[in-house]
Amino acid sequence: MPLLQGTVGVEDLVLLEPLVEESLLKNLQLRYENEEIYTYIGNVVISVNPYQQLPIYGPEFIAKYQDYTFYELKPHIYALANVAYQSLKDQDQDQCILITGESGAGKTEASKLVMSYVAAVCGKKEQVNSVKEQLLQSNPVLEAFGNAKTIRNNNSSRFGKYMDIEFDFKGSPLGGVITNYLLEKSRVVKQLKGERNFHIFYHLLAGADAQLLKALKLEQDTSGYAYLNWDVSRVDGVDDASNFRAVQSAMTVIGFSEEEIRQVLEVTALVLKLGNVELVDEFQANGIPASGIRDGRGVREIGEMVGLNSKDLERALCSRTMETAKEKVVTALNVIQAQYARDALAKNIYGRLFTWIVNRINESIKVGTGEKTKVMGVLDIYGFEILEDNSFEQFVINYCNEKLQQVFIEMTLKEEQEEYKREGIPWTKVDYFDNSIICNLIEHNQQGILAMLDEECLRPGVVSDSTFLAKLNQLFSKHGHYESKVTQNAQHQYDHTMGLSCFRICHYAGKVTYNVTSFIDKNNDLLFRDLSQAMWKAQHPLLRSLFPEGNPKQASLKRPPTAGAQFKSSVAILMKNLYSKNPNYIRCIKPNEHQQRGHFSSELVAIQARYLGLLENVRVRRAGYAYRQGYGPFLERYRLLSRSTWPHWNGGDREGIEKVLEELSVSSEELAFGKTKIFIRNPKTLFCLEEQRRLRLQQLATLIQKSYRGWRCRTHYQQMRKSQILISSWFRGNMQKKCYGKMKASALLIQAFVRGWKARKNYRKYFRSGAALILANFIYKSIAQKFLLGLKNNLPSTNVLDDQWPVAPYKCFSTANRELQKLFYQWKCKKFRDQLSPKQVEILREKLCASELFKGKKASYPQSVPIPFHGDYIGLQGNPKLQKLKGGEEGPVLVAETVKKINRGNGKSSPRILLLTKGHVILTDIKKSQDKTVIGLDSLAGVSVTSLEDGLFSLHLSEMSSLGSKGDFLLVSEHVVELLTRMYRAVLDATQRQLPVTVTEKFSVRFKESSVAVKVIQAPGGGGNSKLSCKKKGSHLEVTVQ
């Protein structure tokens, strides 16, 4: 267990010296400033709120604290949770964890950390995970409906919560039960400046969608509701909208149905709507003051939402029915009374809704009655409160803390006594302040303050807070822990801080002055029967179930128990529950009032330390022996202080400890040896042991360092020596290898020279001087002969399309091999040509000419390659009438086909017969065979043709020709490649000149004195022998290939 070495301050205040308030505060401040927020008092954990997220939580730390005992690691809330869980699991002992502290001290977060730790270390089965999730998800629901922003805390719990978590024999959670205490219902109708109402109202308005708000008859603006503080509708760092979605999700996980969630939100909206019901003064006919509702809209909306007649609600708010055994009397309420009734109704509805939510959660997480369970209770309850104006709420809260202090003292002393008895050490009585006299002052059945308050509430006649105070002054005038103005005057004391309507109780944590104003009303907590009956008449299932006393069949004239009596009964049950379990304590402290991280207010912490009784706790813990530890761990820590036990000890642990302490001359009065533990009375003795251990560790560290340095130097020397030997041997070997290599190379060089000299000598002796050249020529010729013979035997086929050829076996034959390949190919081509007839030769020449003119230029060229040129496409040889068109022309007709002539004026086309001879181009109308145009080949200046698959072409005539004045011809032929190829060859033969053939989509055509620009475009999807469409636009002719 670390005490001084490597720690910040003192981790366990039981070992604090000197034990005074100043040193305690300084120790807490020192640890807090070093982000050590947890400190022990024995097995009690003190937690100082850091107001920031520290990196000391999560799965890694949970696993660490799960594997170690309480004192082996730094103080942490996980250590206490682990002790409680392991005791419950392994020792079958029910546990409870009591978390106390004032608002803003971090009680809620501490309870969450305990729950998260237990959830993480227990079972992982699907059913167990479901139960864990339900238990964890109960927190956001209860926080939304039971927490609020206060001046001291943005998420202050305004109720006390005790949760019993039930486990099976394996330590897996089965379910639980939640008990709530004293919800601060007055916050529903009134909040202090700078505070908010309960979170759920703001969550609902910010997070509900437009459809839900409309159904609940609400508006998103918080300033429209009288029960909400307008100046603090938002809190920094709190997202009300996302929190509303989280609450809805948590309710679903717990087991709330969609209908139940909707009904809860409707009742919540009802409370908000009640605050907007404005009451005004009215007078009855006899002049008696009465009240009424200014605007009936709010009451009508409430009636529509919960199924209630608005008249019944208005009547219940503005009047009261007094019922006796014989008659009923209806009394009108004035405005103040009606406002009290309205606010009482709102508080009762919200309080009963909260209780219903807690019971509904209990239904979901409850355990079956037949299962045997172990229980761990977690108590998160308000701490001791001393405000400027203390009322009934502070009175019952401080009463509860008195009872918890009583439990702590008795249980701590009991635990100490049992441990002493278990270890066989005599128990000496411990003097401590017994606060049972204060508890009796408050809770005595006949003469306690709560009993007097109930008696005054039930007494007939005029009852007021002043009569209640007078009764207390009379009854407790000589009580040592009670003061008031009357008792002080009787003792001739003057205290200006004591008001006439106040009394003071000397609590264990200090004196608290209470103002009795409203004690009677708050204790009565009455709701007029008219309002209960009105709520019961509602058609809303949840609202109706909250007011069972409104049922006329169950109407009772018996007065309900007072708030004080109910709270006293709840505290008695809680105490009984706590006494049946092994307690574990977490004391939460708020370091400053402004929720600033790193700021420690000694004055504020000192007040809380007194409230929590920290010094009292330490004194009780140190009443007998301040420190105790098992023999094994103690010997392991301090055996190095004795030469007898260090470094080896073979005896028992107790004997070893006796040896160590005997050599250190520790007084026997400071020690006590139990059965399994050693007890040390004074912390100074332990600090002395720790200081000697620190010095001994320094000596041992010096010895270890000396030994290590010597070993390191020896090792380094040995390594250097081995390295030097290795380097030397390698260097000598390398030098010898180099020397041998030089000698070997020299010997080989000499041998080569000698062999060369001998070879040259023998060569001159036996061979002629030209033998080498002859031999080389012979070898070369042999290789060449072999190459040529091999080529002869492996010649490729004589097919002119076969371009295969053997590869030369040697690079020196590459050039010759290429020349031979060319010769062979030329020979194959000549042989092929020699086999052709003159007609075949002429066909190939025409195809060659067409290739030169159109290959890669005209899209229709590839289609014309395999088709032979026929020339006659109109049956000229068998039709004498058509033969007359030739006239006196000599020679054969090269091409005869039907073409279309395009009118250059309007773009229309007409069929013509075209005849191509060796000297002319003849165009004749099919219907009028006498009407023909003869164009001499010497008159052709050029031809324009498109690159598309169409047959459009233009014959350009020279201006000097007889037809030049008419202009050029624009024709369309289905065999344009053949026609233009033969026309080109005919012009070349007739005029010894080449006919210019232009491939383009844009060209000009002469038309009389002017010219027409022709533009050919390809329509989408066009191709092949598609139709042509021509459009004339002024001097432009647009041809579309479709």
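Just so it is clear, glycine is given a Cβ too, placed from its N, Cα and C backbone atoms.
Keep in mind that TrEMBL annotations are predicted by a computer and have not been checked by a curator.
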Query: Between 203-225, 226-248, 387-409, 571-593, which stretch does TrEMBL give the note region 'Actin-binding'?
result: 571-593
- line: When pLDDT is averaged across the domain 'TH1' (858-1042), the result is 83
Task: Taking helix as H, G and I and strand as E and B in DSSP, count the residues of the region 'Actin-binding' (571-593) in helix, strand and coil.
output: 9 helix, 8 strand, 6 coil
Query: Within 10 Å of the Cβ of Ser103 (ATP binding site), how many other Cβ atoms can be counted across all chains shown?
result: 18
Message: Centre the Cβ atoms of Gly101, Glu102, Ser103, Gly104, Ala105, Gly106, Lys107, Thr108, go out 8 Å, and tell me which other residues of that chain have a Cβ in range of the ATP site.
response: Asn49, Asn153, Ser156, Ser157, Gly383, Cys588, Lys590
- prompt: Are there residues of the same chain, six or more positions away from Gly101 (ATP binding site), whose CB falls under 8 angstroms from its CB, and which are they?
  reply: Ser47, Lys107, Gly383, Arg587, Cys588, Ile589, Lys590, Gln608, Leu612
Message: Return the residues near Ala105 (ATP binding site) by Cβ distance under 8 Å, restricted to its own chain and a separation of at least 6 in sequence.
response: Ser47, Asn49, Gly383, Cys588, Ile589, Lys590, Gln608
